[in-house]
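Visitor: Shown below is the structure under consideration.
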């Protein structure tokens, strides 16, 4: 029996907001001068008419996914909007339709299906099915090709390009304005939070370099399309990522390509969704014939498709940029293994480059919203700790502990699982983004480094979301 009176009891108390009639976004109505006597008729099927001297059908009010992304009404639960557009069900539907078109010989309508796999969800699936990372990658490639994939790619080339662009952006910013802290941009949960909560104050701090997912989208829809001799709109590009926020990122208007007349990434699924797809078929990853991942970018393939970037599990931005900046800006060499010093908790750490008692560089890694909020508040108060660069990730422990990674199956604590995934990650060979593959991509596709084309396709912009001052967002 409830110990609260009926008048005081609250129900459905949670922070998850799904699309419904309770959407708080006010609809803009274009008003025109009307004469007396106009009449609006609403029929049983929802048809609207305005009659005066004749009839005119009124426009239907629509709230789109883009409205939800551009609305300040909710932050943490916009993923609910994407249930139909960014789901395993939609993916399987597209794959079935494509197989039917192939069988009918309707080649003009057949789409080239491309999957891109990020290393973090692959680690999660490798642990789940007790496989090495290489084995998991090859079995997953076999599974996806059986579903209908034409190409199964890794994110290595995009990871490398993101590091190269971000480090150059930092050096340029440092030389122009050393006082402005630069914050990483690869985490869409963090970017969405910054746009909706802190707006124009924090956005100038965020790097403009696109995330590896969106760089991969450009390469698939433009470079791969060019190599295949097809339009980018005839490619259906799916990414497998460690968190649901990547679905939001793929849906941003900034990542709709006028060149290909399509989104750079059409669908995002996650490690946990891959597990659910396998469970629905009562199968495991090991049951599928192993296949090699594809490498369509350069004539010579890399030694391995799966690499680690520095020692951090979220792309290695802070460590790589620190090493590069130390050499480029101050001609200082750094150790191969950098030692970040943990501060109040293991999710906030820093490193300094000092010479003759003077701090030349001060970088940090901030994972989890508690640390992000503390960092932003210090910047707002003008009491920032003097970091020139901060690698920011919304999830505690970073991308390896993304919200859509496979859950522990034996009552294991998430922290213990994360540590095991970190150990798997450390077994991977280290990637140096300065390699023959990135140099060839820059030369052949981007017309060189630091060009207008590379700036357009490898960078993006951010948009402060205006706060909605409306009583519609108050629920009593």
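Each residue, glycine too, has its Cβ placed from N, Cα and C.
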Visitor: For the [4Fe-4S] cluster 2 site that Swiss-Prot gives with 187, 395, 399, which of 243, 267 also belongs there?
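Guide: So the [4Fe-4S] cluster 2 site in Swiss-Prot includes 187, 395, 399 plus, from the candidates 243, 267, 243.
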Visitor: Just counting, how many other CB atoms are there within 10 A of the CB of residue 243 ([4Fe-4S] cluster 2 binding site)?
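Guide: The Cβ of residue 243 ([4Fe-4S] cluster 2 binding site) has 27 Cβ neighbours within 10 Å.
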Visitor: Let's check the environment of residue 395 ([4Fe-4S] cluster 2 binding site): how many other CB atoms sit within 10 Å of its CB?
Guide: 24
Visitor: Per 10 Å Cβ neighbour count, which of the binding-site residues 187, 399 ranks highest?
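Guide: Neighbour-count leader: 187.
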Visitor: Taking the centroid of the Cβ atoms of 187, 243, 395, 399 ([4Fe-4S] cluster 2 site), which other same-chain residues have Cβ within 8 Å of it?
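Guide: Nearby residues not in the site list: 189, 242, 245, 314, 393, 394, 398, 401, 402, 403.
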Visitor: DSSP on residue 399 ([4Fe-4S] cluster 2 binding site), three-state: which is it?
Guide: helix
